[in-house]
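Below: the structure, in structure tokens.
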């Protein structure tokens with residue numbers, strides 16, 4: 001059975017995992033960097049890259065020990081090659097290249113977004129192509145028709161900020177700390193989601209894309225006014241994001257009747273309110289709803305190893321001179337949408 005070692009270092013998680021072609025996660029480890037970045041209220045790229053340098057090799061050794069295997073037992077090395085913070089991406093990719101060269105194993109350069117896009121198939125063996133994917137994370141917010149490994153059609157993207165970035169900014173504005181997404185979700189549970197009137201950018205419009213910059217600005221003004229309870233403001237913000245995601249996804253579901261399932265992935269997919277709303281939306285379209293377990297939503301090595309396993313099975317490997325890419329769209333044929341191509 002195929003065994004893939006996956007490495008992930010595109011943002012602020014240093015991770016490695018060993019995954020088999022029949023979906024067994026033999027070992028996985030993730031080292032977060034919350035303590036390093038919390039004083040700054042967000043990820044500092046240079047600090048993140050240096051942390052990856054310090055942590056990746058011990059984590060790789062750890063997963064090999066956990067699984068009771070050596071590099072000789074591995075069939076290929078999969079490493080995130082982009083998109084992401086270029087310093088961190090380079091740490092993981094160079095490590096992957098070195099391991100592949102030293103062990104004489106194939107290298108698989110994985111698009112971080114493809115790692116998220118295929119992660120639901122690691123958790124659910126019944127999920128077949130094609131499926132409609134809402135990919136929602138700190139740096140990306142896209143609707144994609146996933147037609148196969150390496151075959152994606154982008155239906156919508158954000159014209160400005162990603163939903164996850166809006167969560168982090170809101171947490172900072174409200175003094176909730178870092179990481180922002182879980183902090184906002186926790187306090188939102190104590191508030192009234194209808195207490196503060198906030199905009200839902202592009203909701204109801206014919207345009208298929210997302211926008212969160214105006215919502216962020218509205219939260220900033222509401223927070224500065226000092227007239228709103230923090231829990232109410234957090235809950236109202238979260239509900240606005242839910243409404244935006246549901247509205248845009250509704251249009252995509254209507255446009256993709258042949259999609260076999262509606263799938264969500266990415267770090268923001270760990271949010272309970274979002275998962276509940278999307279579950280209800282899928283039911284209205286009579287589609288199965290698939291979401292990875294929470295540990296597979298945030299950045300991890302298992303999703304990179306699984307994407308590597310899927311690509312390896314398709315005969316897709318990469319040369320050792322493959323370059324790291326800070327930007328790498330899953331659908332290179334998709335037209336740029338205002339500022340949307342910056343992060344995708």
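Placed from the backbone N, Cα and C atoms, the Cβ positions cover glycine too.
The feature Fe cation binding site is assigned by Swiss-Prot to 112, 116, 299. For the recorded site, residue 299 (Fe cation binding site), the DSSP three-state label reads coil.
Taken from Swiss-Prot, the feature substrate binding site applies to 135, 136, 137, 138, 139, 168, 181, 271, supported by sequence analysis. In the three-state DSSP reading, residue 137 (substrate binding site) counts as coil. Listed in sequence order, the residues of the same chain lying 6 or more apart from residue 137 (substrate binding site) and placing their CB within less than 8 Å of its CB are 116, 162, 163, 164, 266, 267, 268.
Close to residue 299 (Fe cation binding site) in the fold, though at least 6 residues off in sequence, lie 8, 10, 11, 12, 13, 15, 30, 112, 267, each with a CB less than 8 Å from its CB.
Following the DSSP three-state reduction, the secondary structure of residue 271 (substrate binding site) is coil. The number of other Cβ atoms within 10 Å of the Cβ belonging to residue 168 (substrate binding site), over all protein chains shown, comes to 24.
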